[in-house]
Amino acid sequence: MSLLTHLLACLFGMGSWVSINGLWVELPLIVPQIPEGWYLPSYLSVLIQMANIGPLFVTLMHRFRPGALNEAAVIYLIIGVGTVATFLMGFFWKETVVVGGGSRSVALLVLTFFLATVDCTSSVTFLPFMMRLKTQYLTTYYIGEGVSGLLPALVALIQGVGVVHCINSTQSLNHTVNSSSSVTLDLRAEYQPANFSAEVFFFFLSAMMLVCLLAFLMLNYHPSVAREHPNGRVKEKSQRNSEWVEEKPMIDSLRPENTKRRSGFGAGSYSWAQVVYIFVVLAWVNALTNVVLPSVQSYSCLPYGNNAYHLSATMAAVANPLACLIAMFFPIRSLLLMGALTVTGSGVGVYIIAMAVLSPCPLLVNETSGGVIMVLAWILFILTLSYVKVIIGVILRDEGHSALVWCGAGVQLGSLLGAVTMIPVVNVYNFFTSGDPCNTKCP
């Protein structure tokens, strides 16, 4: 096993969602300085779902014109676009244009759409590319994908994004013209200035995308990486027609010749019922982890204090690569274990959503134990479901290149369904209520 290849696979995976993850953690610093205000997150959610046109195009090309799309060229293109877009974001995120009689952050929204297209398309291109390397490196790729959320979160913590101090404010209340006014003391939430600007943060994200590009170059051309390609994982010309077809996965060559294929999917290791089960779990898990729970994280955590919110966000980001690291040493392909972990993680997610619904006065809101339980719940939720995602990736990797393309499509479909469900609930019907971090009083 090549340590260099592991490192390159990790850095390559790091570029998959780093731009959008970084944009989300920077919102508390961006929102006060743009005309859209806190409507921006809902706009971003819509833009991210519109960006699914990228993976849809790649998936349809793979289905109807197999071999016509140069996978490496597409990856070079999207990483290049991501690098340039994050760099330009550092210059233009505050720029506004008058549209319909009001100021709008057109540059920010347009660049966000490009970043979202890059990240969404990475789901159906980065994973299939990892077929060129041995199975162990796919888990390392998932670690890098986890780091794409962890690293921006840590940098944002160093930056001091979203740190709130409660400041005493004095208000005078005049009851009548002749009577003396009464003075009341109240607490006002005040965001502290960041240690460095949003511009510097976006330049950092651009540098991370550039590192991803360099890692991809080395994965393609470094001699030590070439030695890590599994034997027989090449494309060969079909004798019957002019299409390029995949050679069967290596797992097929290890089977006895009389072993019957259980379905027409991939290597045929699983029946169609099991394939449907795997993809339903894949879509469900990604809907929860990518959209549903993140959209209510502030409602579930802020009632327990600002520290609980930041700690849950940071530790959840740590739990993602940790789950991938565990999967590297224990790559269990059991469908039963997958189901058990999905039920466990979903149950924890139900608790988190229930506390968000009860916001600003959830259970144990005035107790230290309440914040501790919420942080642990977020860690367990991300840990279990991230492990499930890696195991599904490993299973589908054994089924061949096409299976990984459909894996990426399943990830995006799950995220889309989650967004379609949560955007109306959170932003239109205002089903959740946030509390004031300084003045919320609960019985």
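Here, residue 1 is simply the first one shown, and the rest follow in order.
Note that Cβ sites are derived from N, Cα and C of the backbone, with glycine treated the same way.
Since we're looking at a predicted model, the values are computed, not measured.
These features come from TrEMBL:
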- 38-61: transmembrane segment (TRANSMEM)
- 73-93: transmembrane segment (TRANSMEM)
- 105-129: transmembrane segment (TRANSMEM)
- 141-164: transmembrane segment (TRANSMEM)
- 200-219: transmembrane segment (TRANSMEM)
- 270-288: transmembrane segment (TRANSMEM)
- 308-330: transmembrane segment (TRANSMEM)
- 335-358: transmembrane segment (TRANSMEM)
- 370-396: transmembrane segment (TRANSMEM)
- 403-426: transmembrane segment (TRANSMEM)
Lying 6 or more residues past either end of the transmembrane segment (105-129) yet within Cβ distance under 8 Å of it, the residues of that chain are 12-13, 15-17, 19-20, 23, 30, 34-36, 40, 43-44, 47-48, 50-55, 58-59, 62, 71-72, 74-75, 78-79, 81-82, 85-86, 88-89, 92-97, 99, 138, 141, 219, 393, 401, 404-405, 407-409, 411-412
| said: Any contact between the transmembrane segment (200-219) and the transmembrane segment (335-358)? By contact I mean 3+ C-beta pairs closer than 8 Å, pairs at least 6 apart along the chain. | reply: no
Per the Cβ filter (under 8 Å) with a sequence gap of at least 6 from its ends, the transmembrane segment (335-358) is approached by 274, 277-278, 281, 284-285, 288, 292-293, 296, 299-300, 303, 374, 377-378, 380-381, 384-385, 387-388, 391-392, 431-432
Beyond a gap of at least 6 residues from its ends, the CB atoms lying under 8 Å from the transmembrane segment (403-426) belong to 42, 45-46, 48-49, 52, 55, 58-59, 62, 120, 123-128, 130-131, 265-266, 279, 282-288, 290-292, 295-296, 392-393, 396-397, 432
